[in-house]
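What follows is a set of notes on a single structure, which appears directly below.
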Amino acid sequence: MTRVSLLWAVVVSTCLESGMAQTVTQSQPEMSVQEAETVTLSCTYDTSENNYYLFWYKQPPSRQMILVIRQEAYKQQNATENRFSVNFQKAAKSFSLKISDSQLGDTAMYFCAFMK
């Protein structure tokens, strides 16, 4: 069975708008899983905003950034897109990406992003 490498840089990004800073942090530097396994990537963020969007992007070896999934903060239901789903915990400021049935094509660097 082929190994799927989910390399992801430790990313801390800050978005400055209206004098307020929003910080997004990913804690896991790299993950490798067997093909067909399920993997969860974690992200936390800090904001005082009530209405915002969270995104997961992937950057495969071709270097292009691809939107995987997005979550609106005002929605209670977690977003789902094919084999990708999120666990959005607004009170805990946590936003995890779950990749089910991982495939070789999932090999990429993954980024969590925030937008007001």
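Cβ atoms are placed via backbone N, Cα and C, with glycine included.
What Swiss-Prot says about this one:
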type     : residues     : note
SIGNAL   : 1-21         : signal peptide
DOMAIN   : 22-116       : domain 'Ig-like'
DISULFID : Cys43-Cys112 : disulfide bond
CARBOHYD : Asn78        : N-linked glycosylation site
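Structural mapping of features recorded in Swiss-Prot.
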{"residue": "Cys43", "record": "disulfide bond", "DSSP (3 states)": "coil"}
{"residue": "Asn78", "record": "N-linked glycosylation site", "DSSP (3 states)": "coil"}
{"residue": "Cys112", "record": "disulfide bond", "DSSP (3 states)": "strand"}
Other C-beta atoms that fall within 10 angstroms of the C-beta of Asn78 (N-linked glycosylation site): 15
Separation of alpha carbons, Asn78 (N-linked glycosylation site) and Cys112 (disulfide bond) (Å): 15
Rounded distance in angstrom between the Cα atoms of Asn78 (N-linked glycosylation site) and Cys43 (disulfide bond): 15
